[in-house]
Each structure stands twice: as structure tokens, then as C-alpha cells.
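Only one structure is covered here, and it is reproduced in the block below.
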């Protein structure tokens, strides 16, 4: 190829304009380049969403209206329903709210943690059978107590499905008793964890004598999976309290739970006022849990505790560093850029003779 020109001299080189792109390199420090691809984004806060490609759990029982997660976990009447399986869960109650029904001394035990424990499982179901025959338990015979403060689906007196309020049936066994022990068998399917809820009731001296024949503080112990917990009941001193428009109650209940691993038996040692386990939670698999808020709107690649639902537009992000689950960008302290051009060189100058 022949090139002709009237110019005094032909110069070859890189044609370039002023470059606004600066990248930091490992060997040469800051370098101007002709082009870059941004690799980071700084998210803005958004609502939480369903995680793409998997089921995301918000409330434990979405169809249980006007129920807290603790209501569902305890089996409160009118709060019974199916808990959908989920591989990801939103911890929307960092400190779960109280349950209604009968007044509970929530802060004496770890019972507030029960909804969050259940949330950490992929599959959760309530057993169809009772784990203990409460009427025939040691220290009986018993009748199963109910309360007008805990109405069932027909608006009759009810109680939590996970527990049976064991009240001595007749005057012959309404007496003080030495500690009694009942075994809690494993009734879930092999490979599942069994979460067994139990508790005890106490009242003022007059009501304790009327119900149980003993007004002294009662002792209770649970043991499962190497964990043993002891309680002593408080007698009296409670102001009357009503839950959700129910009858004012002078008594209180203390509720706890124990986790039984597959095939393992638990034990409960008790005196008067025991709330014996009934239906138990059978749980398996693991659900990734992240703190967030409801409702879940739409879908997102990633759920981030600080930013909510994120769609991954870049491989990295800057901003607040926090727990995230899903297909998430990686947190970096400073923005990253990928140079997709060449090192910037000033335009060549024509040489004059």
C-alpha cells in the first residue's frame, strides 16, 4: 500500500483525548487510562423481598390473622395453621412480641426465642398426636384446664395446643406432692428435631389451695439433650391482668421449651400447676435467617440487613457492611474499577524541520 501526503512528515501513534479515568495499580500507583468499567455500586435502602429462586418466610403462619409468631409457636386457639417450608426467613421480630391468651411471664424464660428457633428450620410442622396423656400423668388423675381468656374457634374456653393444664380431678389428689417425673418420648420422624413446649401455672395462695391443695412455691425441672433447667414458682403478688379483652386473671403461667434430638427422650420433674407437653413441633432442614421487615414486596437477588432487597448489578458494593443472603455482591471498602482501555498518552505532536 502506498500512502502519499503533502505534509512534511507522517507520524504514527495513539490518538487520544483527555482521559477522566484514573485507576490505582499495584506497581505504578494512579494511572490515567482511556476507559474503565465500574465494578462497584452503593445500594440505597429498599423494602425486603422474596429471595429469587427460593421460598422466603415472613410470618410463621401467613394465614393466621391477628396472631403474633409467638401465638403460633405456642398453639394459641385461633392461631393454628400450616407453616410453609422455606430456605430463607426474615427475622422481623428481633425481640418477639408477647403472646395473648393467658397472662405469661415472658421474661422468666427463653420463650420469646421460640419463634426465632422455629424460623431457623426449613420444614416445621405441629404433631397431630399428643406426646403425653395428660389426664393419666403421675400425680393424677387430672382434668385439662381451660380459660375464658383463651377462646377457641367456637368461642368456648380453650388453652394452648402445645400444653395441657393439669388440674387435679378431685379432692383426693388436691394435695401437696413430692416432685413427680414424666418422660417425654420422641414422636417426630427420624432425622427431625422435636421442640417440646411445657410450663407451669401459679396464683395467689387462695387460688393455689382451691386448684391444687397446696399454697407453697412449687419446683419444676426439664432435661433434654444435655440441657437441664430449674424453676420455682412465685405465689401471689400479681396484679389482675386481662389479655385481648379476656377475663382478668390473678394467676400467671411460665412457659419454656426443650429441644429433643432424633430418638432422644426428655424428662420433666414437677409439682402442682404443671402445664404438660401436648402437641410438639417437628422440624428439619435449615433456613437461612436474616433480620428484616415485612411485608415482602417482589423478588430480589439478595437480602441485606441494612439495604433490604438488592438486585446484583455489579459484583461488589460499598457502603454499610452487614449480613446478607442470596446471590449478593461482595462488600469492599473502596470502589473498584476494571481498566478496559490502554494507558492514556497525550496526543502526538507533529515535528517541524
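Glycine is treated like the rest: Cβ placed from N, Cα and C.
Straight from Swiss-Prot, the features:
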CARBOHYD  32  N-linked glycosylation site
CARBOHYD  66  N-linked glycosylation site
CARBOHYD  152  N-linked glycosylation site
CARBOHYD  173  N-linked glycosylation site
CARBOHYD  311  N-linked glycosylation site
CARBOHYD  340  N-linked glycosylation site
SIGNAL    1-7  signal peptide
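Features per Swiss-Prot, on structure.
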residue	record	DSSP class
32	N-linked glycosylation site	strand
66	N-linked glycosylation site	coil
152	N-linked glycosylation site	coil
173	N-linked glycosylation site	helix
311	N-linked glycosylation site	coil
340	N-linked glycosylation site	coil
Those residues of the chain, 6+ apart, with a Cβ under 8 Å from that of residue 311 (N-linked glycosylation site): 300, 301, 302
Rounded distance in angstrom between the Cα atoms of residue 66 (N-linked glycosylation site) and residue 152 (N-linked glycosylation site): 14
Candidate nearest residue 32 (N-linked glycosylation site) in space, where candidates are the glycosylation sites 152, 173, 340 and distance is Cα-Cα: 340
Residue 152 (N-linked glycosylation site), number of other Cβ atoms within 10 Å: 15
Separation of alpha carbons, residue 173 (N-linked glycosylation site) and residue 340 (N-linked glycosylation site) (Å): 86
Listed in sequence order, residues with CB under 8 A of residue 173 (N-linked glycosylation site) and six or more positions away: 139, 140, 141, 213
